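> Pasting the feature list from Swiss-Prot:
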type	residues	note
ACT_SITE	Ser69	active site, schiff-base intermediate with substrate
ACT_SITE	His74	active site, proton acceptor
ACT_SITE	Cys89	active site, proton donor
MOD_RES	Ser69	pyruvic acid (Ser)
Amino acid sequence: MGVELAFPKVVGKQVYGSLYDCDENVLKDTKRLEQIIKEAADVGNMNILDIKSWKIGEGVSVVAIILESHITIHTWPEYKFATVDVYSCGPHTSPLKAFNYIVEKLGAKKYTINEADRSSEF
């Protein structure tokens, strides 16, 4: 008779999309974008470890490393466009709530949303 091993389930929830007709002043503002990510992490019950940002032309890229994975915002103010990715491996988190918060704060008038279940069972 063999021994059956039970391994924990790995949770992976990803929400990402493209945001159109955003507030171009927010899209240019590195400090404001960093604050939005901090607030979104709170809304999604995530724990920020570090935030890095880079100004690229008029746009900004902000990457937050969270204990559970990451949150990113990349902006193109000249097109009033941004992309957002919220990925979490924490069963206690809500990437969807964090994503929706970012959409609201960037003032997107239109957006796409994609959800991926990246969980795996061993």
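Here the Cβ of each residue, glycine as well, is placed from N, Cα and C on the backbone.
Fair warning: this is a prediction, and the values are worked out from it, not measured in the lab.
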> Using Cα coordinates, what distance in whole Å links the residue listed as 'active site, proton acceptor' and the residue listed as 'active site, proton donor'?
22
> If one looks at the chain holding Cys89 (active site, proton donor), which residues at least 6 apart in sequence have a CB under 8 angstroms from its CB?
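Same-chain residues close to Cys89 (active site, proton donor) (Cβ under 8 Å, separated by 6 or more) are Val10, Val11, Gly12, Lys13, Glu68, Ser69.
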